[in-house]
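What follows is a set of notes on a single structure, which appears directly below.
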Amino acid sequence: MTGLRQRKGSKGKEPPLSGEFQSQQSNCCTDHHPEKILQGDWSWGAIIWTSVGWSVSVGLGLLCCIYMATLHENDLWFSNIKEVEREISFRTECGLYYSYFKQMLQAPSIQEGLSDLIHDNLTESKRTINLLQRMNIYQEVFLSVLYRLLPIQSFLEPVYFYIYTVFSLQAVYVIALYLTAWLLSGSWLAGTLTGVWYILNRVDTTRVEFTISLRENWSLPFLALQVTAITCYLRPRLTALQQKVMVWLMYVTTFCFCLTWQFNQFILLVQALIIYTLDCVDFLTTAQVTTLYVVQVSGLLSVWLLQFCNSMILGSLVLSFIVAALFVRHCQTGLKTGNLLVRLGKLLLHSAMVLLLTFTINYVAKKALQLRSDEHIFKFIKSKFALGPTRDFDASLYLCEEAFGLLPLDTLERLAGTLLLYPYTLTVLLLSGMLAVAALQNMSKAKGGSAEERKGAGVARAVAFRPDVAYNLLHTLFYGLLAFSTMRMKYIWTGHMCAVAAYGICGTEMWTLLLNALRCNSKVLLRLLRYAVPLVMIGWLYYKFWPKIMEELSELREFYDPDTVELMTWISTKTPKQAVFAGSMQLLAGIKLCTGRVLTNHPHYEDKDLRERTRQVYQVYARRSPEEVYDILRAAGADYVVLENSICYERRHRRGCRLRDLLDLANGHIMDGPGENDLDLVSATHPRFCEAVKTDTAAYTSLFTRTFQNKTFHVYRVKKKRKKSTKSSPEPSETQ
C-alpha cells in the first residue's frame, strides 16, 4: 500500500507631479530602493544598505531552497531508495513530465531525442503526436540538453539535476517576492518579512516538495518575477533606458511563464483584466497600458511559434480580450471626458462593447480553428457555478477533486497563526478605500483626454495613489477571488499575499493613517514604527516557529510502496517493450516513466480526443459487458489493462464523486450504495466489470487472461482474437 513509513535622490527625467502625489513620492524615495544605485545615488549609505538588502534576499532564497530539498529528502529518503522507487515518487502527471526528461537523456543524440518528441507514438497508442506542441515540456528538453553539455555526469545523477533545478526556482520565487515588497515599501525589511512568511506558510504557498514536476512549480517563479518587473516599470522617476530594460524583463518573464504552464492563458486573462481596470479608472497612461498588453501578446505569440503554432493559444480568451480592448479603446476617443456620471455611463458602455467583441472574436477564432481542446475548462466553470449540466464526466472529474473546490477555512486559520492574515487584511482594506477614493476623483476631475495631459496641466488630486501600488492591490484582490473559488489557485495568491502584508507593515500608508488618527504624526515616529514593528514580528516568528521547523526537519521517513514497485518490475521484465497498457491516467504516467511502455491515455487532459478515449478506457470500472469492454480496449490498441482495487472499491470520495459513480451517471445507471438517485437513472444490465472479471467465468476468460496480481493491482492481457458476436468498436482504429 502506498505510503511513507517512519525510519529511524534620483536624476532621471519625469513628468511634473502635483500636490500630495509629489509629496508622497518624495517621502517614499527617502528610503533605499533596489534600483536606487542605478539612478545615480552612489553614497556609502546607499551602497551598504542596498548591498545588505540584496544579500538578505539571496540568503532567504537559498534558505527556502535548502528547506524544501531537505523536506523532500527526509520524507522519501530519496538518496537511499531504488531508482524505480524514485521514479514512482513522481506521482500522477509529474511522472509523465519527468519521463520526457529521461527519454531525452536516453536518446542517442539531442537531434534524435527532439525528433522522437515531435513524432511520438508511445504516449498515445495508435496515434503519432507532437509532444512539443501538445504539452509544455520545453523545460525538460532544456534541462536534458544542459545536462548533456555540462561536465557533471560523473558526480551528479540526472534525477538530482532535475529536482535541484526545481528547488532552485523556489529561491528565485522568494527573491522575486522579496523585491516586490522592497519596491513597494522602500525598505528591504519588508522583503525579509515576505521571505519569512513564505517559508513559514509553506503548506499554503507551495507544494513543490512532493509534486516536483508540476507545471506550476516551474511557472510561478517566473510569474512572480514578471510582477516584480511590472512593479518597477510602473514606478516614477525611471529613465527611458530603465523603462526599456523593464519592458524586456517583462517580456522575458512573461514568455518563460507562458512556456512552462498550459494554464497560462487563464492567468494572463486575469492580469489583462487588472490592466483594463486600472486603465478605466485612469491610473495608467496610454503608453503603459499599450505596452503591458503588447508584452502579454508578444509572450503568448512567441510560445505559439515554439509550440508549432498551437491553436489553443490563438483561440485563448486573453488574446481575444486584448484585441477587443485595444480596438474599442482606439475607437472611443472621448471615453475619458465629462463629469463623473457621464464617465461612469461611458465606462459601462465601453465595458459592454469590449466584452461583446471579446466573445465574438473568440467564438469566430475557435470556429475557424476548429478548436475544442479547452472546452472541458469552460464545462468545469459552468458546472461549478451551476450554469451547465452536472453529469458531464470531464467536468465532474474536476469538481469532485478537493483541489478544485472552494478554499477551506482552515487555510485562513493557518495564515492567521503566522500573523500574516491580520496585516494583510488591514492593508487590503485600507488600500482599497484609498484606491476607490482616488479612482472617483480621477474620473470626476477628468477634463482632458489622457492622464499625461492632466499631469502636464498640473491638475491636483486630493488623494494620491501610486500606479505600482494600485497594480499590486488589484493583483492580490483578483487572484484572491480566484483562490477562494478554486483551492488549487491559492498558490498564486498566497505568495503575493506575503509581499502585500509586508508592504502594509513597512510602508507609509497604514502608519500615516494611524498616526494622523492619534494626532501624533512625525517623521521620526513613522520611521521608528516602520522599522521596529517588522523586527519585533520577525523576532516573535523566530521564537515561535524555529523549534517547530527543527522538529519537522528531524522527522525521518522513507518511501514505501511495495505493490507498485512489484507491478513496475513485472511490467519491465515480463512484457514486450512495445506492449500497450490501459488503466487509470495516474498509474499509466508512472508506467510510462518506469517501464517506457506505450499508453492508451495519460493525465495531460488538454485534448478532446484524449478525453474521450480516457472516458472509454475507464469503462473497465463501469457496469459494462465483457464484450463492450473488450471492444473498447482493442480499439485503443491495448494489450494489457491494469485494474486498481483503490478505484474499483473506492472509499476516498463521497458517494456521487467516486470514479465508478461518475461513470454510472454518465452511462445513465443507478449508483452503488445507499442514497438517492435521479429518477431518469436505470439499473444496469451487467455487473461492474472490474469486480466481475475477477470471477474468472467463461464470458471473461474467453477475452481476458489474468497475468499478474497483488493486493493492489490486477493485470489482464487482452486476447488478440475477437469474438464474432462483439459489437462495432466505439472508437475507430487508427494506423500507428
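Positions of Cβ are set from backbone N, Cα and C atoms, glycine also.
Note: TrEMBL annotation is automatic and uncurated.
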Of 397-420, 493-516, which range does TrEMBL call transmembrane segment? 493-516
By a Cβ-Cβ criterion of under 8 Å, what residues six or more beyond either terminus of the transmembrane segment (248-276) are in contact with it? 135-136, 138-139, 215-216, 218-219, 222-223, 225-226, 229-230, 232-233, 284, 289, 292-293, 295-296, 298-300, 302-303, 306, 312-313, 316-319, 321-322, 325, 354, 377, 471, 474-475, 478-479, 482, 492, 604, 606
Cβ contacts under 8 Å made by the transmembrane segment (175-198) with residues that lie 6+ beyond its boundaries: 28-35, 49, 52-53, 56-58, 60-61, 63-64, 205, 221, 224-225, 227-228, 231-232, 235, 418, 420, 468-469, 472, 495-496, 498-503, 505-507, 530-531, 534-535, 537-538, 541
